[in-house]
Every structure is written in C-alpha cells, then in structure tokens.
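Okay, structure first, notes after.
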Amino acid sequence: MQSLKLLKRNLRKSTLKKLSEISNEAISLQSSLARAVKEEICASDIYKRSTRISLYLSMQSSELSTDDLARQIIDDGKKLFVPFIHTNEVPTMSMLNIPTVEQLQALKRNKWGIPEPDAADVDKYQDALALSSESPGLDLILVPAVAYDKSFNRLGHGMGYYDRFIKAATTHAEGYALHPPTIVGLALQEQIQTQDSVPTGPLDEVMDAIATSDGITWNKQPE
C-alpha cells in the first residue's frame with residue numbers, strides 16, 4: 001500500500017501537470033469569472049461580518065487570481081493580511097497586515113512569483129496572531145491549494161504552511177474566546193477532484209467552503 005506522502009506526491013504531480021497545460025486564455029477566462037466569485041464572497045454574511053481577513057496573493061499562473069479581491073478587502077475598510085514565509089531553520093508562515101492599496105501594489109514578487117512583504121520590513125507590519133489585545137486573530141481565511149476534493153479536503157504544495165497556520169489561528173481565537181476563523185479554499189475548476197479523493201492525514205485541515213468560478217459551496221456554514 002502506498003504511503004500517504006507518496007499518494008500526495010503523485011496527486012500533486014498529476015494536478016500540477018494538468019494546470020501547466022491550461023492555456024493562458026483559459027486561466028484568464030477563469031480569473032475573470034473569479035470576479036463573480038469575489039462578488040459572491042463580498043456579498044456573503046461571513047464577509048460582511050469579518051473585519052480581519054487573510055488572503056493569499058496569487059502567482060501569475062496555475063491558480064485563481066486574487067488581485068481584485070485583495071484590493072476590494074482594503075477598499076471595504078477591512079484589514080487585509082497576506083502570507084509571509086519566515087526562512088528560519090524550520091520555515092514558518094505568518095499573516096501580515098497590508099493597510100493600503102498603494103502598499104499592496106508596491107509588494108515585490110518572490111522567487112515563486114508571489115507578491116510578498118520585504119523581509120527587511122517585516123517588523124513594520126502587524127501580525128494577525130500577535131499576542132496583544134489589538135490583534136484578535138482572523139475572522140476569515142481564504143486559502144490556495146494544488147487540489148481539493150468533494151469532501152472539502154485540501155492538497156497543498158507539501159510544506160504544511162496553511163495546515164499549521166489554520167491550527168494556530170484557531171488556537172489563537174480560542175485564547176480570546178472568539179469564534180474560530182472561517183476557512184474558504186479558492187480554486188480553478190481543474191483543481192477540483194471529481195473522481196479521486198485527496199489523501200489526508202491527521203494534520204490536514206478540512207475547508208469550511210470551496211469557491212470556484214461556479215460559486216461557493218459550503219461544507220460548514222459559519223455560526
């Protein structure tokens with residue numbers, strides 16, 4: 001029987017191959033349809049109630065664009081938090097607040113082509129999970145993936161950043177006696193596994209909802 005690690009690696013490889021074969025025109029079309037997803041997310045009750053939102057900043061290909069949504073979050077007067085990878089001996093991910101559209105647009109792309117705060121300026125940004133009365137965690141976390149399945153399982157890139165962060169954000173909320181953040185995965189249609197299941201282990205987080213160009217499908221409605 002194949003190990004969980006090997007099963008994940010094989011699915012990741014096959015899905016990334018499929019994504020690499022998508023034409024730029026097809027990705028552009030799905031990303032334009034993502035504007036409809038953005039409108040549906042922004043019209044949802046959880047978005048309206050949320051004041052602190054974490055959102056991945058998208059690569060230039062192979063995943064749903066979040067450019068418009070990131071700007072909308074700021075324009076709506078909400079706090080936008082974006083990922084930053086700390087390259088320690090054991091790399092970790094935190095979510096840092098980008099307060100203005102101008103600062104958002106000024107972010108440089110890292111080696112993966114993802115806009116990210118400059119490492120030299122990290123201390124200048126508010127950390128979503130900082131231990132202070134002014135940092136009550138997050139209300140909504142919008143995440144990327146390589147693949148999802150119909151049971152709302154998620155396959156990432158294999159580093160475990162989001163699984164660990166979601167766990168930390170949930171624990172952080174418990175410490176402040178708050179509701180845990182709602183977790184919504186964003187995806188291109190090609191990332192949804194219609195036949196196969198995503199292999200999972202005890203550390204893998206399940207999504208509360210998945211959003212594609214067809215709209216948002218809920219697994220667990222927010223309270």
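Even glycines carry a Cβ here, placed using N, Cα and C.
A TrEMBL annotation is a machine prediction, not a hand-curated record.
What TrEMBL records for K8, R9, N10, L11, R12, R154, L155, G156, H157, G158, M159, G160, Y161, Y162 is ATP binding site. Residues annotated as substrate binding site in TrEMBL: L57, E63.
Mapped onto this structure are the features recorded in TrEMBL.
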residue: K8; record: ATP binding site; DSSP (3 states): helix
residue: L57; record: substrate binding site; DSSP (3 states): coil
residue: E63; record: substrate binding site; DSSP (3 states): coil
residue: L155; record: ATP binding site; DSSP (3 states): strand
residue: Y161; record: ATP binding site; DSSP (3 states): helix
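Rounded to a whole number, the distance between the Cα atoms of R12 (ATP binding site) and L57 (substrate binding site) is 20 Å.
Shown in sequence order, P83, I85, P91, T92, M93 are the residues of the chain, 6+ apart in sequence, with a C-beta less than 8 angstroms from the C-beta of Y161 (ATP binding site). Distance from the CA of E63 (substrate binding site) to the CA of R12 (ATP binding site) is 14 Å.
Summarising the ATP site geometry, the residues cited as binding it (K8, R9, N10, L11, R12, R154, L155, G156, H157, G158, M159, G160, Y161, Y162) extend over a maximum Cα to Cα distance of 20 Å. A straight line from the CA of M159 (ATP binding site) to the CA of E63 (substrate binding site) spans 17 Å. Between N10 (ATP binding site) and E63 (substrate binding site), the C-alpha separation comes to 19 Å.
The separation of E63 (substrate binding site) from L155 (ATP binding site), Cα to Cα, is 13 Å. Rounded to the nearest whole angstrom, the C-alpha distance between H157 (ATP binding site) and E63 (substrate binding site) is 12.
Each residue contributes its Cα atom, and for K8 (ATP binding site) and E63 (substrate binding site) these two points are 18 Å apart. Each of the binding-site residues K8, R12, H157 was scored by the other Cβ atoms within 10 Å of its Cβ; the lowest score goes to H157. Cβ neighbours within 10 Å of N10 (ATP binding site), excluding its own Cβ and spanning all shown chains: 12.
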